[in-house]
Structures are given as structure tokens and as C-alpha cells.
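What TrEMBL annotates here:
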- 20-38: transmembrane segment (TRANSMEM)
- 44-67: transmembrane segment (TRANSMEM)
- 79-100: transmembrane segment (TRANSMEM)
- 106-132: transmembrane segment (TRANSMEM)
- 139-160: transmembrane segment (TRANSMEM)
- 166-186: transmembrane segment (TRANSMEM)
Amino acid sequence: MSEQNLLTEPESKGLDIVRVFLGISGLISLVLGILILANPVKTGAGLVLIVTVLLAIYLVGVGVIYLGSGIFSKSLEGWPRIGTILLGLLYIVGGIIIFANVSASATVFAVFLSVLIGVLWIIEGVFVFTTLKTSGHRVLTVVYGVISIIAGLVLIFSPLLGAVTLWLLIGISLIVLGAVQVVRAFTVKAE
């Protein structure tokens, strides 16, 4: 007689919760990936717009905190008080400027992030070459360094094209990972 693995009721409910979570998260990833691939520019712009608005809210919030600290603090006097108040005002002005023209701010933010990632990839590529002597795989290290530097240069000289390319890769990844999650939801077995 074969030994069967019978689950207790709490274990069965726990497994059902895992299946539901895997299925829902997989479907969400799948849908997001399809939306990204269907219209990468709109979805990317929408995400950058949301992040930009959150940044503006953050700046205003931090500014209010600094401003309040500078005005109401009993321990700050003289230049520290003035500096804290000015910093608060600068944060608030920065947030207001972003709110005044969110779409232009989002574009600047996207370009800034792309260029920043490009610079970081170039630095990483150069750094990789400094590890050649200790690397166990010199050819792979050189290939990685060259690709990192080239990718960084592409992002610096064409930040929007680079951002769209990265966005498309994220969309493809979400579709693949989402599909795998959905399959896992139906194939999770009790052990």
C-alpha cells in the first residue's frame, strides 16, 4: 500500500493561500508586462509621472518639516535656525516647481535617471577591469566590462532610447515571470 500524504485542514488552507497568491501575482505581472509591450511609451511615461508626483509630494513634506523645525525649535539659534528654514523653503519651492509642470519635470527626471544609470554602468565597467588579475574568468570579465561601458555610453548619449529599451526588457521579464507564476499556482504540490 502506498503512503499518501494527507494534509491537515490548516495545511490545506495554507497551500490554497499560496496558490491564490502565486496565481494573482502571476496574473498581475502578466498583465503589466503585456501593457508595457503594447504601449511602452505610454506606460513608461505614466510610471515616471507617478514617481515624479511622489517626489514632489516628498519634497513639499520634507520642506514643511524643516520649515517647522526651524521656526518652532527651541534649541536652534542663529545660523542653524536660518539654514534649517532656508532648506525647508528650498524643498517646498522644489516641490512646487515640479507640481507646476509635472510632465516636463517627469521628462527631466527620466533623462536624469537614464544618464545616471549610464554613468554608473561606465564606472562599473571600468572597475571590472581593475579586477582582471584576481578574476577566475578573464574573458568573461573583459566581455562584461566592455558591455557595461558600451551600455553606459548608449544611455548617456541616447537616454530616452535607452530608457525605452530597458522598459521593454522589464515588460518581457514581467510576461515570462508572470506566466511562470501562474503555472506554479496550478502545480504547487504538498510535500
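Using N, Cα and C of the backbone, Cβ positions are placed for all residues, glycine too.
Keep in mind that what you see is a predicted model, and the values were worked out from it rather than measured.
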The transmembrane segment (106-132) vs the transmembrane segment (44-67): 3 or more CB pairs under 8 Å: yes
Cβ-Cβ under 8 Å with the transmembrane segment (44-67): same-chain residues at least 6 beyond its ends: 36, 84-85, 87-96, 98-99, 102-103, 105-107, 109-110, 163-164, 167
Cβ-based contact of the transmembrane segment (166-186) with the transmembrane segment (20-38), 3 or more pairs under 8 Å: yes
